Amino acid sequence: MTRTPVNVTVTGAAGQIGYALLFRIASGHLLGADVPVKLRLLEIPQGLKAAEGTAMELDDCAFPLLRGIEITDDPNVAFDGSNVALLVGARPRTKGMERGDLLEANGGIFKPQGKAINDHAADDIKVLVVGNPANTNALIAQAAAPDVPAERFTAMTRLDHNRAISQLAKKTGVAVSEIRRLTIWGNHSATQYPDIFHAEVAGKNAAEVVNDEQWLADTFIPTVAKRGAAIIEARGASSAASAANAAIDHVHTWVNGTAEGDWTSMGIPSDGSYGVLEGLISSFPVTCKDGKYEIVQGLDVNDFSRSRIDASVQELVEERDAVRGLGLL
Ligand SMILES: NC(=O)c1ccc[n+]([C@@H]2O[C@H](COP(=O)([O-])OP(=O)(O)OC[C@H]3O[C@@H](n4cnc5c(N)ncnc54)[C@H](O)[C@@H]3O)[C@@H](O)[C@H]2O)c1
Ligand SMILES: O=C(O)C[C@H](O)C(=O)O
């Protein structure tokens with residue numbers, strides 16, 4: 001049977017994440033090896049030429065699943081009929097910019113994009129925000145899209161999740177495939193909390209296998225939380241291929257489901273679970289099935305975890321209040 005192509009919109013398509021992302025979407029890694037896609041690339045006018053160059057290369061790959069590429073600087077065109085939207089393009093912090101300036105500049109991007117999604121996207125639209133500050137940008141876009149169910153707006157913490165899996169696998173000497181049920185809580189920022197208390201290492205409780213609270217507090221958590229900065233320091237540019245890979249993982253899991261007995265981490269609108277203020281876009285442990293996600297309920301949160309989750313949520317409250325003060329919500 002011939003399937004109808006899925007419309008996938010990518011913003012910031014000419015950027016470094018875009019370059020690492022588009023070829024994998026077109027080759028079937030985002031949605032599945034049997035799902036044809038049409039790409040809509042959104043760029044600012046200065047980015048259009050480079051996006052055209054990337055589109056030429058996509059053509060040159062002759063991907064059987066790629067059924068079309070449209071390039072535009074108009075969000076209303078980019079999100080028209082969109083089924084999946086990856087919001088990657090964002091305003092990076094530049095010299096002399098205060099946090100408030102950054103939030104305001106990004107508000108100028110994510111508010112109109114949210115409105116364009118509201119007005120033009122397909123009914124089943126799923127949105128992943130990658131551009132930083134990802135959680136709060138997702139909140140801005142969601143607020144501008146009152147007709148779209150709030151839970152369709154998500155923020156990426158899958159890179160943090162994958163980073164944490166990799167660090168834990170190294171520490172315990174197992175393959176990454178032996179790690180399950182790890183959780184990233186809170187914001188995609190240095191306050192995030194990678195939680196191993198419910199994680200499993202080859203079927204055993206990870207915290208018990210590690211049995212080293214000092215390593216957890218002084219090595220594991222800061223290594224994961226500050227990995228983005230470490231990559232920038234080493235590469236002279238922020239993570240790109242690993243970020244694109246995490247975006248692929250996030251959407252693939254959302255659409256195709258989590259493995260039996262496992263879960264993943266997604267930044268999603270809080271329903272108040274685990275004391276996280278309702279409405280904030282915060283990272284939780286989630287299972288996915290049939291294109292929907294659910295927060296894993298009933299986990300014990302010990303004092304060590306509680307204080308760290310609360311600190312990250314407090315940062316999200318401050319970011320929300322700042323953008324609210326700027327009239328963006
Ligand atoms: N959530 C995460 O885990 C994570 C990880 C890595 C990077 N990031 C963030 O992802 C974002 C993109 O990173 P990058 O390395 O690709 O940056 P980049 O600067 O290489 O590319 C960004 C692209 O976005 C475009 N752009 C800017 N404003 C736009 C708009 N209004 N509409 C459409 N396109 C627009 C720019 O022209 C540029 O081509 C950054 O904000 C970065 O901090 C997030
Ligand atoms: O772009 C950044 O500031 C870092 C990025 O969010 C990352 O986690 O690698």
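Backbone N, Cα and C atoms are what each Cβ position is placed from, and that goes for glycine too.
Keep in mind that TrEMBL annotations are predicted by a computer and have not been checked by a curator.
Of the residues GLN113, GLN142, TrEMBL places GLN113 in the same NAD(+) site as GLY12, ALA13, ALA14, GLY15, GLN16, ILE17, GLY18, ASN106, VAL130, GLY131, ASN132. A simple Cβ count within 10 Å picks out one of the binding-site residues GLN16, GLN113, ASN132 as the most packed, and that one is GLN113. Cβ packing within 10 Å was compared across the recorded positions ARG93, ARG99, ARG163, HIS188, and the lowest neighbour count falls to ARG99. Within the model, the domain 'Lactate/malate dehydrogenase N-terminal' (7-146) carries an average pLDDT of 96.
The recorded positions recorded for this entry are ARG93, ARG99, ASN132, ARG163, HIS188, and the Cα of ASN132 lies nearest to that of GLN113 (NAD(+) binding site).
In this structure, GLY12, ASN132 are the binding-site residues from GLY12, ARG93, ARG99, GLN113, ASN132, ARG163 whose C-beta falls under 6 Å of some atom of ligand 1.
A distance of 8 Å separates the Cα atom of HIS188 (active site, proton acceptor) from that of ASN132 (substrate binding site).
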